[in-house]
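Novice: Sharing a structure here in structure tokens format.
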Amino acid sequence: MPISSTLNQRVRARLENDGFEHFSDESVSNEALDEGESNEDTEQDNSDQRETDDDDTEDDGHTEISDINPSLNTISFGALAKAQAALGKRKRRTTSTTDITPKRTKVLSRQSPTPSTSSNKEHDQCQGLSEFQKHLASNAKKPPQKLTHRTSKHAPTIQSSRHAVSRKRTILEPLAVPKPRDPRFDSVVLSHSTNGDPSTAANADIHARNNYAFLNHYRTDEIAELRKQVSALQTKKKKTERDDHEIVRLKREITSMSDRQRAFERKEMEREVLVQHRRREKELIREGKKSQPYFLKKGEVKREVIAKRFTEMSGKEKQRALERRRKKVAGKERKEMPWGRRGVE
């Protein structure tokens, strides 16, 4: 307040002739200085606080100061010191009860934000921390992953248990496609027709092939008949466009049927090679020459089939087969040649 600022001023009192007690200047001045210095800091803080809060009352205070100043000049220094001490005690009591709470609220409002903002800041800090940790983890050197290889080519494939499952799901099952099932060649029907014999039921396909082996004879007869038709059309004197189309169709039919017959014969030869090999292995095990049987691979079976076919061929057939083989190899080599050298030879 302005009054307190005026009271804090150090004024030397004039000597008066009244009946007041005479004080020594040194004792009074020392006491006043001690009390003034002790209360100076608190009074200045309170005055600054009130000056910032009560800006509107300053104008009125100035008018009061102008009225009070002439009356203060007549007051003795001892009375001023006593008044200052009394005012200081009263102000301490009032500030302890009234001024502390607004100060605390202001300080807390400045230092600590509102709960909503503080929670948002904490959430942002946690989120930033987690992102920083993820960044560090991604930049960190990953340990070299061990390649999982199979112990052998016959072993099952190895897959990690952490392998991600496919996100694709079959919501609607596709419609079942009708598959032809001929009861004459069905394994279930053939197993019942073998009267429950497990050895014959396991080889149902073999028995079906043996039961319907006459179809292959029909196929050979049909191929011979088609070849006769082609030769008759080719020797025809007046051929039409329809005859030409018929010759092309018959030749295509003969090629497909002959390929089917050769595939059937090749499978039969492979089956015979496997049967003979198993028979030999069983005999060797029975004689004690071997402890475990040896199973042929597909490439070995194929080589034995080719060797068997060459032994069964006649001289002309062998020459024809060797010529086809030579042309096939020469064509592959020609494709690998540069384009400029292909016509030289």
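Cβ coordinates are placed from backbone N, Cα and C, and glycine is handled just like the others.
Feature list, courtesy of Swiss-Prot:
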type: COMPBIAS; residues: 16-25; note: compositional bias 'Basic and acidic residues'
type: REGION; residues: 16-71; note: region 'Disordered'
type: COMPBIAS; residues: 32-59; note: compositional bias 'Acidic residues'
type: REGION; residues: 85-167; note: region 'Disordered'
type: COMPBIAS; residues: 108-119; note: compositional bias 'Polar residues'
type: COMPBIAS; residues: 143-153; note: compositional bias 'Basic residues'
type: COILED; residues: 219-267; note: coiled coil
type: COMPBIAS; residues: 312-322; note: compositional bias 'Basic and acidic residues'
type: REGION; residues: 312-345; note: region 'Disordered'
type: COMPBIAS; residues: 330-345; note: compositional bias 'Basic and acidic residues'
Novice: Based on DSSP, tally up the residues of the compositional bias 'Basic and acidic residues' (312-322) by helix, strand and coil.
Specialist: 9 helix, 0 strand, 2 coil
Novice: Per-residue pLDDT averaged over the coiled coil (219-267) comes to what?
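Specialist: Average per-residue pLDDT within the coiled coil (219-267): 91.
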